[in-house]
Amino acid sequence: KKKARESCSLPESSWEERLANAVTPLWRLPYQEQLQVKYESQRKILQTLASHLEELGIDAQKPGGLCCPLQPVVPSPIINGYRNKSTFSVNRGPDGNPKTVGLYVGTGRARNIVCVKANNMENIPSKHKQVAQCYEEFICRSPLDSCILFHEGGHWRELVVRTTSCGHTMAIITFHPQELSQEVLATQKALLKDFFTCGPGAVCALTSLYFQESTMTRCSHEQAPYQLLHGAPHIFEELLGLKFRISPDAFFQINTAGAEVLYQAVGELCQATGDTVLLDICCGTGTIGLSLAHRVSKVIGVEVVEKAIEDAKWNAAFNGISNCEFHSGKAEAVLPQLLASWEDARPLVAVVNPSRAGLHYRVVQAIRNCRSIRRLLYISCKPEGEAMRNFLELCCPPDPRKKLAGEPFSLMLAIPFDMFPHTMHCELVLLFTR
């Protein structure tokens, strides 16, 4: 602990320290202690789940009050600067500068939000900080205001930076057009491109520079297209010997080295054989399915983001993988249709990797009611949240009123993976069988 305290270079109660404490609350602890804190956190989640299962009449109590064995937290291969994607806000800084590019301290409800530069954040790589600093320099030169509150006007908004181990860097700038003409917008885009290609921002050596005109907090490509101002339309990542194409809004695990460890473990837990069909739900750019394609007879991927499915199909073709098919659309619309008429005699293993909101109820219904699915791996980034409801729906007795006719699953094993060092977050992999 003494060594950890000596390594803390931030002045006490500085804005940088407040930011570090808010976003990476474990940053002061030696890494082994961080893993222990996370283990205890996951243990409490499984105790809570066991209690809920007991309420449903399911005898789920295992040693320690857990609903299944909990393995130690699998450490991240990289502890600092591991993030391959960072989102920076634009808002008023501690010095009053309304064009500060950084991360928030405070809340909107308390009306005490301050935007603090991320220079001292240990989980963010230096390249991301460099691009953020250059973006701040650009908008500070611009006569256009930053957009802090939509109804108060202003234009310059978020910056997303994505990097890969191949050395590629993508910057995506969100801009509120307000009432600007197309001519003025074209001028701003030209100035932005010049700054990052010929001006001070050229030091960032961007592979791709995107611009999105957005009148909402978050917009998909379909709602507000990503406009390529400079460079290549995609960046590329290598993972488990495969090459993956990444679009601006495609999901990719935030910690690439950690994802390799996670996917290798998922492959082992699937117990897939040569005749297995792998169902990859919320598949993103296809990373899980494609990395396991050589072990199975077929991979079927489902993903709501259309551009991610385009990437997944390209990734399969580029890597010479021909036993994969990918479906674009909401899982709750695609999956029931896919499984309702399922007559394939081959074993069917499902892997689900949803967002924090968990799986839609109709997805759980489709999985429960498909008798061919005997093994399910649920990868959850927030198991204490909405995903908890999914776990109970998977394990509860058949309930005709809820259209859960299929045999219930049993929870067999839980393995936490530390994909987010210095934070409280974990990826929890849960193995369900029936």
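Cβ atoms are placed via backbone N, Cα and C, with glycine included.
What TrEMBL says about this one:
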ACT_SITE  Cys381  active site, nucleophile
BINDING   Gln253, Glu303, Asn353  S-adenosyl-L-methionine binding site
DOMAIN    275-338  domain 'Methyltransferase'
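Counting Cβ atoms from all protein chains shown, Asn353 (S-adenosyl-L-methionine binding site) has 23 others lying within 10 Å of its own Cβ. Listed in sequence order, Ser355, Arg356, Met419, His425, Cys426, Glu427 are the same-chain residues six or more apart from Cys381 (active site, nucleophile) with CB atoms under 8 A from its CB. When the binding-site residues Gln253, Glu303 are compared by the number of other C-beta atoms lying within 10 angstroms of their own C-beta, Gln253 comes out lowest.
Highlighted in sequence order, Phe251, Phe252, Cys282, Cys283, Gly284, Thr285, Thr287, Ile288, Ile379 have their Cβ within 8 Å of the centre of the Cβ atoms of Gln253, Glu303, Asn353, the residues recorded for S-adenosyl-L-methionine, and are not part of that set. Per-residue confidence over the domain 'Methyltransferase' (275-338) averages out at a pLDDT of 93.
Secondary structure by DSSP for the domain 'Methyltransferase' (275-338): 30 helix, 16 strand, 18 coil.
As a whole number, the greatest separation of Cα atoms within the S-adenosyl-L-methionine-binding residue list Gln253, Glu303, Asn353 is 15 Å.
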